[in-house]
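As recorded in TrEMBL:
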SIGNAL    1-25  signal peptide
DOMAIN    26-130  domain 'Phytocyanin'
Amino acid sequence: MASSSSLSVTIFLCISFLFFLSAYANEVTVGGKSGDWKIPPSSSYSFNEWAQQARFKVGDFLVFRYEAGKDSVLQVTRESYEKCNTTSPKATYTDGNTKVKLDQAGPVYFISGTEGHCQKGQKLRLVVISPRNSVFAPAPSPTDGPAIAPTSGAAKLTGVFGVVVSIVLGFCAFF
């Protein structure tokens, strides 16, 4: 039978682990390793295809890299995204190395603020999931696009989860 001190330590470890999971946020460069927010090099590539290979959760950061003064990032509504309308963005970024915190679940839309770029494919639609769904449940399917597959970031988190569970179970077995 476990002593009250070992039970207290186990409870502390479990609470610490849950806190770690809720605080775990990724910084994701838009476009992947190339990391350039620009007109896609071919019609066979889109930022949305890139986003479908990733999982984004509340608290993550998107990083847009582009040439300041020659391009920008606009966070827009779904309607503005579909029409490439740059007139009333929710937010405008122009610094060339923009970090946007994903602060609520649901679809998020970005377009280039440079004339004609959105029409040539420089736009991004992604779905942000809540942290409680990011490890234990599959990502919800967006209402306006395909489901999003897990990323290596999710695999890293799952790996961390497995290690911590193993440590906690090993600790419990010891007592």
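A Cβ is built for glycine as well, from the same backbone N, Cα and C atoms used for every other residue.
The shown structure was predicted, so the numbers you read here are calculated from the model rather than taken from an experiment.
Looking at the domain 'Phytocyanin' (26-130) alone, the prediction's average pLDDT is 94. Using DSSP to sort the residues of the domain 'Phytocyanin' (26-130) gives these counts of helix, strand and coil: 15 helix, 38 strand, 52 coil.
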